[in-house]
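K.L.:
To start, I am sharing the structure in question, which I have written as structure tokens.
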Amino acid sequence: MSAFTKIGLLGKADDRGTQLTLETITTALIHRGFALCLEARTAEQLNLPEEVETLSLPDLGEWAEIAIVVGGDGNMLGAARALCEYDIGVIGVNRGNLGFLTDLDPDEVMTPLLSVLNGNYHVEERFLLSAEVINNGSSSGTGRAINEIVLHSDKVAHMIEFELYVNDHFVFSQRSDGLICATPTGSTAYSLSGGGPILHPGLDAMTLVTMFPHTLSSRPIVVDGNSEVRLKAAFDNDLLQISCDGHVRMTVHPGDDVIIKKYPKALRMIHPIDHNYYHVLRNKLGWGSRLF
């Protein structure tokens, strides 16, 4: 693999541990002669030399070959939704909790990071989902997600009614708390908590998981990744919401359609050469170790 020469660095430096990791990486890379730029809002929170270059996130995406994101999975998701628009690889340093998307240990970050920057890595394409709300035939909002798109009530613990179509084929109507449409990346997030299956990130598929359905026969459905999923809100619902990765929210009125499909651009995840997906699952989910 080709080495990286132009490196972007960003993170939400809201605690001292994250600040130290960002400052350590900055100092080490500048000392070794790498061309480094920090995301401007990140740099404002750090104690760095004045000569450190800074760029806005869109400009960083245009300039850099790889972006290093320091933080938890939430920080990684936010950065990835923006950076997927550019021809840039993304790697994470875990300063959060589980860290499914952030491979590098902050306490031992420089050795594996330098190995990656020198060309010892592999690339994994992760697809995103897009959501569009259609009101009376016109688009009223769009969003995209790395993990999942969720249809739910704007009230707490409130049942809704909707119909599900896949490629314009009617699947079911249902009364439940909502529906989760997740990518393979998101299959270990909210979807997993709702009883959904774990999908290997290399699969071209998405999973549809209903939330607390008012039926005993409801089960998760896995569909082709190129499918178009349409959710139609019942006319007697109150206002509903679409959430993209738990952040971007759009209002859904009674009778609206929500179109969910693969986003045209993918995220280029960069992993260390020894990355093992099943080791990550076993470690993060606390599965048992080998018996023999």
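Residue numbers in this text run from 1 along the chain shown.
Yeah, the Cβs are placed from backbone N, Cα and C, and that goes for glycine too.
What you are looking at is a predicted structure, and each value in this text was computed from that prediction instead of being measured.
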K.L.:
Given that Swiss-Prot annotates ASP73, GLY74, ASN147, GLU148, ARG175, ASP177, THR188, ALA189, TYR190, SER191, LEU192, SER193 as binding NAD(+), state which candidate in HIS31, HIS122, HIS158 belongs to that site as well.
P.N.:
HIS158
K.L.:
Let me make sure I understand the structure: which of the binding-site residues listed (ASN147, SER191, SER193) has the fewest other Cβ atoms within 10 A of its Cβ?
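P.N.:
Across ASN147, SER191, SER193, these binding-site residues, the one with fewest Cβ atoms within 10 Å is SER193.
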K.L.:
What is the Cβ neighbour count of ASP177 (NAD(+) binding site) at a 10 Å cut-off, with all protein chains included?
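P.N.:
I get 19 for this one.
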